[in-house]
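Chemist: Would you mind keeping the following structure in view while I ask a few things?
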Amino acid sequence: MASSRTLGTFRLPPLPTIREIIKLFRLQAVKQLSQNFLLDLRLTDKIVRKAGNLTNAYVYEVGPGPGGITRSILNAGVAELLVVEKDSRFIPGLQMLSDAAPGKLRIVHGDVLTFKIERAFPESLKRQWEDDPPNVHIIGNLPFSVSTPLIIKWLENVSQRNGPFAYGRTRMMLTFQKEVAERLTATTGSKQRSRLSIMAQYLCDVQHILTIPGQAFVPKPENVIP
Ligand SMILES: C[S@@+](CC[C@H](N)C(=O)[O-])C[C@H]1O[C@@H](n2cnc3c(N)ncnc32)[C@H](O)[C@@H]1O
């Protein structure tokens, strides 16, 4: 009999809702840390579907928080999901998810700005830069105070083919504040064209995939777009 890892048919068992997890573990968003959660699993499923086919993929989720996107990634048939979360309050809820998905979810209590993902996944996943992208994906809904410095760091990593790009042309699916997303995707001549647009588009194929309405987040932030 083949394992679910090979077939990519894993589904999480019934679990408390994200709202219940937030109540259970007292995970109220901390305003100073710009925490805004996605509670609607249909939306997190949609975000994860847009990241492409994750069957047997190795996924690095940055800032899982109460775990909405995390659940959708686990249900997408991944080989392994590694999450890095800075706020220790979220670790017990993530541990519950890990227990529900034996051998699939690795939890790191740490900082995405310093975590060394290049050592975390098997060497065998590495591809030449010119080859098809590796089966390694980055997904995240980070606070905006972190997503901007992080994307600048990752663009530097792309140019040096290290960090997450030691595996090859690793794909990323990230949420950004509306203004940052507009700058990342701004074409020549547009008002939002900036150094960030030029750097990002020179080094990556940048696409605006979907707009998340502010009311999808709890609490509701300023304008957001992935
Ligand atoms: C905007 S919330 C999103 C949470 C969850 N992904 C969701 O969509 O509901 C951002 C998450 O990133 C975490 N975070 C913030 N800075 C971080 C850092 N430097 N390293 C790792 N996690 C971080 C926060 O604690 C929080 O859980």
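Quick reminder: no glycine exception, Cβ is built from N, Cα and C everywhere.
All TrEMBL annotations are machine predictions without curation.
These came from TrEMBL, pasted as-is:
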type	residues	note
BINDING	Asn36, Leu38, Gly63, Glu85, Asp111, Asn141	S-adenosyl-L-methionine binding site
DOMAIN	43-226	domain 'Ribosomal RNA adenine methylase transferase N-terminal'
Chemist: Across all protein chains in the structure, which of the binding-site residues Glu85, Asp111 has the highest Cβ count within 10 Å?
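Modeler: Most Cβ neighbours within 10 Å: Glu85.
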Chemist: Fewest other CB within 10 angstroms, which one of the binding-site residues Asn36, Asn141?
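Modeler: Each of the binding-site residues Asn36, Asn141 was scored; lowest Cβ tally within 10 Å is Asn36.
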Chemist: In whole Å, could you give the widest CA to CA gap in the S-adenosyl-L-methionine site formed by Asn36, Leu38, Gly63, Glu85, Asp111, Asn141?
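Modeler: With Asn36, Leu38, Gly63, Glu85, Asp111, Asn141 as the binding residues for S-adenosyl-L-methionine, the largest Cα distance is 20 Å.
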Chemist: List the residues of the same chain that sit at least 6 positions away from Gly63 (S-adenosyl-L-methionine binding site) in sequence and have their Cβ under 8 Å from its Cβ, in sequence order, or write 'none'.
Modeler: Val84, Glu85, Lys86, Val112, Gly140, Asn141, Leu142, Pro143, Val146
Chemist: Per-residue pLDDT averaged over the domain 'Ribosomal RNA adenine methylase transferase N-terminal' (43-226) comes to what?
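Modeler: Reported value for the domain 'Ribosomal RNA adenine methylase transferase N-terminal' (43-226) is a mean pLDDT of 95.
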Chemist: Measure the Cβ-based neighbour count of Leu38 (S-adenosyl-L-methionine binding site), defined as the other Cβ atoms within 10 Å of its Cβ.
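Modeler: Taking all protein chains shown, Leu38 (S-adenosyl-L-methionine binding site) has 20 Cβ neighbours within 10 Å.
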Chemist: Reduce the DSSP letter at Glu85 (S-adenosyl-L-methionine binding site) to three states and note it down.
Modeler: strand
Chemist: Which three-state DSSP class does Asp111 (S-adenosyl-L-methionine binding site) fall into?
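Modeler: Where Asp111 (S-adenosyl-L-methionine binding site) sits, the three-state DSSP reduction gives coil.
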